[in-house]
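Under the heading topological domain 'Cytoplasmic', Swiss-Prot lists 1-34, 479-545. Taken from Swiss-Prot, the feature transmembrane segment covers 35-55, 458-478, and the record attributes it to sequence analysis. Swiss-Prot lists Cys83-Cys191, Cys284-Cys370, Cys305-Cys366, Cys309-Cys364, Cys318-Cys343, Cys320-Cys334 with the feature disulfide bond. Look at Swiss-Prot and you will find Asn201, Asn350 tagged as N-linked glycosylation site, backed by sequence analysis. According to Swiss-Prot, the compositional bias 'Basic and acidic residues' annotation covers 514-523, 534-545. Per Swiss-Prot, region 'Disordered' is recorded for 514-545.
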Amino acid sequence: MRGGGFVQIFKDFSNWSTVAVVPHVANANNKISRIFWIAIFLFVLGMFAYELYILIAKFFSYPATVNTEILFEKQIFPVVTVCNMNPYKYSVVKSNSAFSSVNTLMTTYSDATVGTFSTDKWGLYADNDETYDLDSRAADALVLEANLISDTAKVPALYTYADLIQDCSFAGIPCSESDFTKFIDPVYGACYSFNEDASLNYSVSREGIQFGLKLMLTVTQTKTNGNTDSLPTTKLAGARIGVNSRGSSPGLDSNGIDAGVGYESAVSVSLTQNVRAKKPYGTCVDREPDSSDYYKDFIYTLETCFNGCKQRDTIAKCQCANPRLALGSTDTACQPIKADLDCLQTLKGNQTSSTPNIDLLVECNCNPPCDESTYTPTVSLAQFPSTSYYVATSSTAGVGSCSSTNSKFSSKSDCQKWYNNNGMIIQVFLETLSYELYTETAGYTVSNVINDLGGQAGLWLGLSVISVVEMTGLMLVMGAFCVTGGAIKMAPDDDEIENDHRIKDVEDVKKEIDHLEKKHGEMESGSDGEVDDIENKGDEEKKKK
């Protein structure tokens, strides 16, 4: 009985279902027609299953899309960091006992460059036939030697704000030392960051060079008396410039801009913001795990992650940390000895050999930050000062203006020449107030799946919301039938049909109708006979006459 009940349920469903093909299968007149419609149903069902698989696979691949917006609004001015490429005053290095090892290094390097061969603890003479190798090793040795000197002991040899920055203005308004944050870089010595302090509120609502930061710098490779004050290992005369968002690492050693003496360097910057999607739609992270984060004081960037990875690689291979990069609280810095310098040199790798440098993209497992602001610089140069321009500055603590009252120079032309060899102007400004915002979002959501699923179901099976309701009703009826154990009858049995008064009433009505039709037929037959008798009688009377 239960099997028959299910059959009856499906028969009823096929009669009123809106699902494509199902009514055709149920109401087919012959076997061939039914087989044909079953084949059609299986085909469209298979196509729907294939499309469903594609939709599910696409959803679980978690694709992402990038929305691009061009925004135009008032912007916070970026942090601008300036450092002297010459980290320490050579005059102090030669006279201050705290720098005795650095002074010995400078003397040894100078001897090596002119071919005076001897032995040394840094290995400057060993296997350094190329000038580049000698310069690179001497620069690394200087960083290691300076790392052994405390920040307090370094102060006499560092360039003060007054030594480095002769003049400062922002949008034409003078700025001062209080607008800068000082820090000591392991490579460039004392550096000064403008607008780094969160209490400052330098922002711009107009673009162009007139509404940016203007600095006059003096790197003092020679003093005003003509004595050289630049270390022998300093190759370039100028400043290292960094432009970054507040809270980010300046990245001077890898991402800085070189600005040379005797020029005005105009640095126009444009802002780009990236908002990336987190897992599963993206790979961005907010921070590294604390156990491996060397740059906890800075906003996370790919650069900080790569630097931390390089530091871990250095510690693993050299058993010491490179002072050029951030050190952990328990790390031991490499010593200024040949063995450690040799190890650091090997980590740089020979990119043309089978032992290249560490592959940061493969070996470091660094992911981009979820929220990132970057400034793209464009630099243009012009000679400074011009042949007829005599430098004027409001500063009285530094070298001062090229005026006749300046006792540091014998003439205005000598002052001009000194600035040409030691001075420079830096101008940093926003190229435009518009900036690009890239927002990464989920590219295929549940809503998209439902929309596409509805389209495919309608195309291949003719399904709609009504069809879903019908199939839901079918499931409920089948469930109720199973729960009641077949007690719910899907069709009446023979006894119920025989005793159903409604059916009997219908049969009685049918019999009565048949009887009336028979009587009506007999009456019509009788009427035709009477008409014939009347016609015959009329004919006989005519004959008699």
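FYI, residue positions are counted from 1 along the chain as it appears here.
Glycine is treated like the rest: Cβ placed from N, Cα and C.
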**Item:** Asn201 (N-linked glycosylation site) and Cys191 (disulfide bond), distance between Cα atoms, whole Å
**Value:** 21
**Message:** On a simple 10 Å Cβ count over all chains shown, which one of the disulfide-bonded residues Cys305, Cys309 is most densely packed?
**Reply:** Cys305
**Asked** For Cys366 (disulfide bond), which of these recorded positions sit within 10 Å, Cα to Cα: Cys83, Asn201, Cys318, Cys320?
**Response** none
**Request:** Going by Cα-Cα distance, pick out whichever of the disulfide-bonded residues Cys284, Cys305, Cys309, Cys318 is nearest to Cys83 (disulfide bond).
**Result:** Cys305
**Prompt:** So, in DSSP terms, is Cys191 (disulfide bond) helix, strand, or coil?
**Reply:** strand
**Fill in**
Excluding its own, the Cβ atoms lying within 10 Å of the Cβ of Cys343 (disulfide bond) add up to 16
**Asked** Taking the Cα atoms as reference points, how far is Cys318 (disulfide bond) from Cys334 (disulfide bond) in Å?
**Response** 8
**Message:** For the disulfide-bonded residues listed here (Cys83, Cys284, Cys370), tell me which residue's CB has the most neighbouring CB atoms inside 10 Å.
**Reply:** Cys83
**Prompt:** Which whole-number value in Å describes the distance between the Cα atoms of Cys305 (disulfide bond) and Cys320 (disulfide bond)?
**Reply:** 19
**Prompt:** Per DSSP, how many helix, strand and coil residues does the compositional bias 'Basic and acidic residues' (514-523) have?
**Reply:** 10 helix, 0 strand, 0 coil
**Asked** In the topological domain 'Cytoplasmic' (1-34), how many residues does DSSP assign to helix, to strand and to coil?
**Response** 24 helix, 0 strand, 10 coil
**Asked** Is Cys343 (disulfide bond) helix, strand or coil when read with DSSP?
**Response** helix
**Request:** Tell me whether Cys366 (disulfide bond) sits in a helix, a strand or coil according to DSSP.
**Result:** coil
